[in-house]
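Colleague: Copied straight from Swiss-Prot:
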type	residues	note
TRANSIT	1-37	transit peptide
DOMAIN	47-299	domain 'CN hydrolase'
ACT_SITE	Glu87	active site, proton acceptor
ACT_SITE	Lys162	active site, proton donor
ACT_SITE	Cys204	active site, nucleophile
Amino acid sequence: MLGFIIRPPHQLLSLLSCPGLRIPRFSVLCAPPRLRTMAASSSFSELPLVAVCQVTSTPDKEQNFKTCAELIREAARLGACLAFLPEAFDFIARDPEETRRLSEPLSGNLLEEYTQLARECGLWLSLGGFHERGQDWEQTQKIYNCHVIMNNMGSVVATYRKTHLCDVEIPGQGPMRESNSTIPGPSLESPISTPAGKIGLAICYDMRFPELSLALVQAGAEILTYPSAFGSVTGPAHWEVLLRARAIETQCYVVAAAQCGRHHEKRASYGHSMVVDPWGTVVARCSEGPGLCLARIDLNYLQQLRKQLPVFQHRRPDLYGNLGHPLS
């Protein structure tokens, strides 16, 4: 099914720019019918195309990889230069003990499979939240929630370990203690250059801390990515609001690949993966099931908007300090 959102013609993002392409199952793509002619223009079709994948991870790592690989191959077939996977793309366990048992180091078999997949497809990958056994695994028996960027040759070019852990008690959603099995990362990662633009790395709960996004944009980020696994209570209330807020305040594209559906008897996720442009408009989104959506990234539009609305020139650190001080 197509979902239509009326939005400025210079930022229309959809598959309609690629005549003859088959729309993937479960995708929802944003394009008002009256702008289809414009969407097929050569200048629009030359913009970088990104794919945002939505999955329902379970404790079955092999099946999870098969699902993700199918979506990545579809993204490559459709002409994307970069595919985004959600937090916990590798698995979602039933308890901390199962999390520890299923986790791997970055040098393990699973990332080697993704290395081969990136080479096969010629695609950059944002692997949004890998359960990593770090160098301190033997001492701590805890993992890092690690966001991995892999280039189209299969090389890991950036890693970010989630710095804000989700230890919360939400009525109707149940308690969550990420710190039971996870260590917070020690630092932020400088934005990484990709074919789609300079990407600032974050994960899920990080989006609730605007200082992080401000630090990333002041360090040069053009795209902020929040791979996530939002729950069924916080999702409807906060998901889109937070993503649009981060896009507006930083004047960045925001890409948010999400987990969806029921993972096992103890957990379900909200879904609704999306891309938000620097104006704050949702330009692509997935429906509730597994699938992908596509968006084009227009960095000229981003720069134009930053010139027209120069909020970073108007900041007053003399009054409130430099929130989100640039990364060193």
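Note that Cβ sites are derived from N, Cα and C of the backbone, with glycine treated the same way.
Values in this document were obtained by computation on a predicted structure and should not be read as measured data.
Quick one: how deep are these features, and who are their neighbours?
Modeller: According to DSSP, Glu87 (active site, proton acceptor) is assigned to coil rather than to any helix or strand. All protein chains shown were included, and the count of other CB atoms within 10 Å of the CB of Glu87 (active site, proton acceptor) stands at 28.
Lys162 (active site, proton donor) carries neither a helix nor a strand DSSP state and counts as coil. Other Cβ atoms within 10 Å of the Cβ of Lys162 (active site, proton donor) number 24 in total over all chains.
Within 10 Å of the C-beta of Cys204 (active site, nucleophile) there are 26 other C-beta atoms, taking all protein chains into account. Under DSSP, Cys204 (active site, nucleophile) is assigned to a helix (H, G or I) in the three-state scheme.
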Colleague: In Å, rounded, how far does the Cα of Cys204 (active site, nucleophile) sit from the Cα of Glu87 (active site, proton acceptor)?
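Modeller: Spelling it out, the Cα of Cys204 (active site, nucleophile) and the Cα of Glu87 (active site, proton acceptor) are 7 Å apart.
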Colleague: Mean pLDDT for the domain 'CN hydrolase' (47-299), rounded to an integer?
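Modeller: Value for the domain 'CN hydrolase' (47-299), mean pLDDT as a whole number: 96.
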